[in-house]
Amino acid sequence: MIIKQAEFIISAAWKKQFPIDGKDEIAFVGRSNVGKSSLINAITNRRKLVKVSGTPGKTRLVNFFMINNDFYFVDLPGYGYAKVSKKELEKWSQTIEGYLVGREQLKKVILLVDSRHKPTKDDITMYNWIKYYDYKCIVIATKSDKIKRSEKVKNEKLIKETLKFNDSDEFYFFSSATKQGRDELINNICSGINYSENSL
């Protein structure tokens with residue numbers, strides 16, 4: 001799988017604004033500042049496809065990006081940032097869950113967690129939502145360049161135990177800084193997605 005083209009399509013505030021062309025979708029979700037924008041930029045090899053915000057919790061819309069004119073990457077709002085009102089937190093929750101409900105085009109959800117830390121309560125809730133709505137899930141532990149190789153086994157065990165990880169799902173470490181394992185990650189993220197010869 002080769003990503004030759006990545007194009008921003010729309011920032012959607014409402015479900016009626018979501019694309020209706022029926023193309024497959026892969027969604028990316030994680031708490032604020034987990035490195036979601038950096039990861040999407042890294043795997044598409046576009047430095048500025050997704051704007052990396054210095055302000056946690058700034059992304060509040062559902063952003064759609066067309067990949068190779070075949071399918072979408074969907075960037076969901078970051079969750080879990082403390083310095084917002086309860087009303088705003090509820091709005092983000094509604095936005096994320098509103099996207100997940102009955103989205104037939106959605107083929108898998110990529111949940112990003114910080115490789116350095118135990119998953120938060122919000123991470124656990126998000127993972128449970130993904131499983132409740134019966135989507136295929138890939139958990140990516142970001143910022144892996146920040147931990148020692150010897151810590152990876154311990155941290156992977158902690159993350160999986162905290163999430164009550166389902167063995168049918170997949171787990172990867174990734175660093176947007178080094179991009180090590182990028183090609184393998186792309187192939188696994190995009191497996192099972194409908195795409196044309198343009199993506200081969």
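For all residues, glycine too, the Cβ spot is worked out from N, Cα and C.
Taken from Swiss-Prot, the feature domain 'EngB-type G' covers 22-195, and the record attributes it to sequence analysis.
Around LEU61 (GTP binding site), the same-chain residues six or more apart in sequence whose CB sits under 8 Å from its CB are SER11, ALA12, ALA13, PRO77, THR95, listed in sequence order. Per Swiss-Prot, the feature GTP binding site maps to 30-37, 57-61, 75-78, 142-145, 174-176; the stated evidence is sequence analysis.
Marked as Mg(2+) binding site by Swiss-Prot on the basis of sequence analysis: SER37, THR59. Annotation note: SER37 (Mg(2+) binding site) sits in a helical segment as assigned by DSSP.
Each residue contributes its Cα atom, and for SER37 (Mg(2+) binding site) and GLY30 (GTP binding site) these two points are 10 Å apart. Long-range Cβ neighbours of LYS36 (GTP binding site) (same chain, at least 6 residues apart, Cβ-Cβ under 8 Å): PHE28, VAL29, GLY30, VAL50, ASP75, GLY78, LEU112, THR142. A simple Cβ count within 10 Å picks out one of the binding-site residues GLY30, PRO77 as the most packed, and that one is GLY30.
Look at LYS143 (GTP binding site): DSSP puts it in coil.
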